[in-house]
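Please read the structure below before turning to the comments.
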Amino acid sequence: MRMPSAISIGVIAGLSVAASAVPSLQKNGTTCTVIPLGNGQDDVPNILSAVDECGQTSGGRVVLPAPYTYRINQRMTTHLTDSRLEIGGTLLFSDDIDYWVNNSYRVDFQNQSSAWRITGHDYVVDGGPRQGGVDGNGQLWYTWAKGGSNVFGRPMPVHVFESTRATLRNLAIRQPQFWAVLVDSSSHINLDNFYVNATNHDSSVSPEGEWVQNTDGIDTYRSDHITVTNWVYQGGDDAVAFKGNSTNIHVENVTVYGGPGIAFGSLGQYPDRTDIVENVTVRNVRVQPSFQRAMNSGVYFKSWIGVNYGVPPNGGGGGHGYVRNVSVENLRLKDVQLPVYIDTCLSYLFSENITQYCDTSTYEFEDLHFRNISGNGLATVTDYPGKNISFAVALLCSEKAPCTDLTFQDISITLPGNYTGKHVLCENAEAEGLPCNS
C-alpha cells in the first residue's frame with residue numbers, strides 16, 4: 001500500500017479544462033465516463049446523469065478519470081446500486097460559502113451538514129491506484145470559522161447515508177471542510193486505504209499550530225458492521241470517532257499524526273436519546289505528533305455531563321446509554337500527552353462552571369479491554385474541568401455510573417525520567433491489571 005508523505009499535504013493538480021471536441025458525458029454499454037466542462041463550470045449535472053445512466057445498472061461503471069479536476073458547485077446525492085463509481089480524478093468543492101451554508105444536506109446530529117451524499121446498496125467507490133478523491137477547499141472554511149467550535153454550516157465532503165453492503169477504497173481526502181467522512185444510518189460498509197489531511201495555513205485561525213477543530217477523519221453514527229482499515233490521518237482532531245449507536249465496528253491498521261487519536265464519543269449529549277456503542281475492536285494503531293499538532297491521546301472515551309446544560313452543538317448533556325464490549329489491541333504511542341483516558345464531564349461551553357456537574361453523568365462504560373499498549377507519554381499537564389491531570393492512564397468516571405469490568409494487559413507506557421507524579425489515576429473505576437492511583 002502506497003501512502004502520501006505524512007509531512008506534506010501535497011498539491012491537488014489536475015486538468016480542469018476539457019477539450020472542446022470531447023463530449024463531457026460518454027457512454028459505452030454500461031460504462032459512463034465524465035470529462036469535466038472546465039473553466040469553473042459545475043460538473044455535478046453530468047456526474048448525476050452518469051449515475052442515472054450507469055450507476056443503477058448491475059455491473060455498471062461511472063468513471064471520473066485522472067488527471068481531471070471536477071467542480072462540485074452544488075450539493076450532490078449519488079445513488080448507486082450494484083455498480084462502481086471510479087474516481088481517478090479529484091472532486092473540488094466550490095468556494096461559495098453562502099451557498100453551502102444555506103443548501104447543504106442537514107445531518108441529525110449537532111446541527112451539522114454534508115455536501116455529498118452517497119446512498120444505495122452493493123456498490124463500490126474506488127479512487128484507484130493514484131488515490132483519487134476529494135479536495136474540500138477547506139482553508140477558506142477554516143478561516144471563516146476561526147474562533148468557534150462546531151460552527152454551523154461547514155459541510156462534510158463525504159456522507160455515506162442509508163447505504164448497505166458497500167465498499168469505499170483507495171481515496172484521498174484533502175482539506176475537508178469539516179469531518180472528512182461520516183457513515184450514517186448504514187450497515188455492512190468497508191472503508192479501506194484512505195488518506196486524510198487537513199492542514200491550516202492561516203496563523204490567525206489556531207495559535208497552537210497548523211490545525212483546526214472539527215476536521216475528523218471518519219465518524220460513525222447509527223451504523224452497524226463497519227470496517228475501517230489501512231487509514232492514514234493527519235490533521236489535529238479525532239482520526240476515528242464512534243458516535244451514538246455505532247455497533248459491530250472493526251478498525252485496523254491506522255496511522256495517526258496529531259490530535260486526540262481514536263475517540264469513543266461524544267456520547268450522551270441529547271437527553272431524549274440513548275447512545276449505544278457496542279462490539280468494537282481497534283487493532284494495530286500508531287499515533288505520533290505532526291507539524292500541525294501535538295498528539296493529545298491514543299484512545300479516549302468521552303460522555304457529556306448528566307444534566308442538559310445549554311444546547312447543541314456545544315452544549316447539552318443528560319443523555320443515556322453505554323459503551324460495552326470494546327477491545328483495544330496493539331496501540332503504539334510516540335510522544336503522547338495523555339495516552340488513555342475516560343472523560344465523563346464533557347461540555348464545550350468552556351466559559352461556564354461545568355465542574356459542578358462532573359459527577360452527574362449516568363452514561364455507562366463497561367467491558368472495556370486494553371492489551372499490548374506501548375510507547376511513551378509526555379506527562380504534560382492536560383486541562384480537565386476542576387483539575388490538572390498528567391498521567392499515562394486517567395479513568396475519570398462518574399460517581400453515578402462507575403466504570404466496570406475494565407482490564408489492562410501488557411501495558412508499557414514510559415513517562416519522562418524527571419516526572420515524579422502518579423502514572424495512573426482512577427476515579428470511580430474498576431480496573432484489573434492497572435495500578436490505580438500510583
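The backbone N, Cα and C atoms fix where each Cβ goes, and this holds for glycine too.
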Cysteine from Cys397, Cys426 that Swiss-Prot links to Cys403 by a disulfide bond: Cys397
Intrachain neighbours beyond the repeat 'PbH1 2' (223-244), with Cβ under 8 angstroms and 6 or more residues off its ends: 1, 3-4, 6, 9, 109, 183-199, 206, 209, 211-217, 250-267, 273-277, 280, 282, 287, 290, 292-293, 321
Structural state of Asn372 (N-linked glycosylation site), classified by DSSP into three states: strand
DSSP helix/strand/coil residue counts for the repeat 'PbH1 1' (186-222): 0 helix, 15 strand, 22 coil
Set of same-chain residues at least 6 away whose C-beta sits under 8 angstroms from Asp237 (active site, proton donor): Ala198, Trp211, Gln213, Asn214, Thr215, Asp216, Gly259, Pro260
Mean per-residue pLDDT computed across the repeat 'PbH1 3' (246-266): 98
Residue among glycosylation sites Asn28, Asn102, Asn197, Asn245, Asn372 with Cα closest to the Cα of Asn325 (N-linked glycosylation site): Asn245
Secondary structure content of the repeat 'PbH1 4' (277-303), with strand meaning DSSP E or B: 0 helix, 18 strand, 9 coil
